[in-house]
Amino acid sequence: MGGWSIALHGGAGDIPFSLPPERRQPREEGLRHCLQIGVEALKSQKPPLDVVELVVRELENIQHFNAGIGSVLTNSGTVEMEASIMDGKTMKCGAVSGLSTVLNPISLARLVMDKTPHIYLAFQGAQDFAKQQGVETVDSSHFITAENVERLKLAIEANRVQVDYSQYNYPQPAQDDAEKELPLANGDSQIGTVGCVAVDSHGNLASATSTGGLVNKMVGRIGDTPLIGAGTYANELCAVSATGKGEAIISATVARDVAALMEFKGLSLKEAADYVVHERTPKGTVGLIAVSAAGEIAMPFNTTGMFRASATEDGYSEIAIWPTT
C-alpha cells in the first residue's frame, strides 16, 4: 500500500494560454494554499473524509473560484450553490443543491450524510436543515459580487449559458494553427468548480465537490456536482471529482465510470480515468481528479486547461493549469 495522496481542482474549461497574470495567479495561489492545508491534515492523520471537506471549505472561501463566495449567477441574478461528499470506506454520501444563503455548501452536504437518513436535500428543504443544524448562513446578497454581475451581463448579452475565459474582459490574440487544434471555446465550460480527493496511508478514500454552476443557468438547474456517480464518487478502489460541462458529465456518469472500469475491467487508475475523459466524453467538456487506494493520482482533462494541484507522501507535488509534457 502506498502512502497518502491528495489532488484538488479549481475547474476545467476553455482557459486560454493568454490568461492574464491577474486572473491566473490568484487561482494558483489559492490552489497552493489549499493543497498545503490538505497535506498538513493528512500528515496529522485526519481521515480523508475530513480532509476533503476541509480543503473544499477553504476553496469555497476564495472568491476566484466558482463555489461558495465566488459562485456565479443564474439568469435571474441569484445564486444557487451545490455540493456533494462521499466516503469510500462506508459508501456514505451527502449532497445539496439550490443553496442561496449557506456559506459553505460542502459542510451542509456532510451534515446531510451524517445527520439524516437521506443522501440529497435541495432548495428550501436544504436551507431549513441548515438552520436546524446551526450552519453559518448569510444574506444571499453576500454572494452577489461585482465581477459575477458583470459576467452575467455579458452572458445575457451574448445569449449564452456561460461566458468562458477567452471572452471575458480582455483581448484575445489571433489563434495560430497550433491553437486551432485545441478544443474550441463554446461557452459551456464550467469555470471554477472546486473539488478534492484524498487517500490516507491505510487506503481510505474520500471525494468532495462544490460549485455555483453555470453563468446564466436557468433557475432550478442542477448540474453534475451534487450527483453521486457523476460529479463525485468514492469507493474502496478510488475517489473521483469531476469538473466541466455538467450535462456531459451526468450523461456519461463520469465519476462512477472510472471506478467501474477499475472494478470490472481491471484497469489502473490512470487507464480508467484517461479512457473516460478521452474516449467517453465530448472533447472540450470534461476534466477530473482521482486517487486510488494505492496512492496513485490521475488528473486528465479534454478541455484546454484545468486548474489543479496534487501531492503525495513521498514528496511529489504539482500545481498546473495547462497540459504538461
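Glycine too: its Cβ is placed from the backbone N, Cα and C atoms.
The active site, nucleophile feature in Swiss-Prot is assigned to T193; the stated evidence is similarity to another entry. Marked as substrate binding site by Swiss-Prot: R221, I222, G223, D224, T243, G244, K245, G246.
The subset of binding-site residues (R221, I222, G223) lying with their Cα within 10 Å of the Cα of the residue listed as 'active site, nucleophile' is empty, i.e. none. Taking all protein chains in view, 19 other C-beta atoms sit within 10 angstroms of the C-beta of I222 (substrate binding site).
For the recorded site, G246 (substrate binding site), the DSSP three-state label reads helix. Between the binding-site residues R221, K245, K245 has the most other Cβ atoms inside 10 Å of its own Cβ, all protein chains included. A coil conformation is recorded for I222 (substrate binding site) in the three-state DSSP classification, outside any helix or strand. In the three-state DSSP scheme, T193 (active site, nucleophile) is classed as coil. Fewest other C-beta atoms within 10 Å: among the binding-site residues G223, G244, G246, that description fits G223.
Summarising the substrate site geometry, the residues cited as binding it (R221, I222, G223, D224, T243, G244, K245, G246) extend over a maximum Cα to Cα distance of 16 Å. Each of the recorded positions T193, D224, T243 was scored by how many other Cβ atoms lie within 10 Å of its Cβ, and the smallest score goes to D224.
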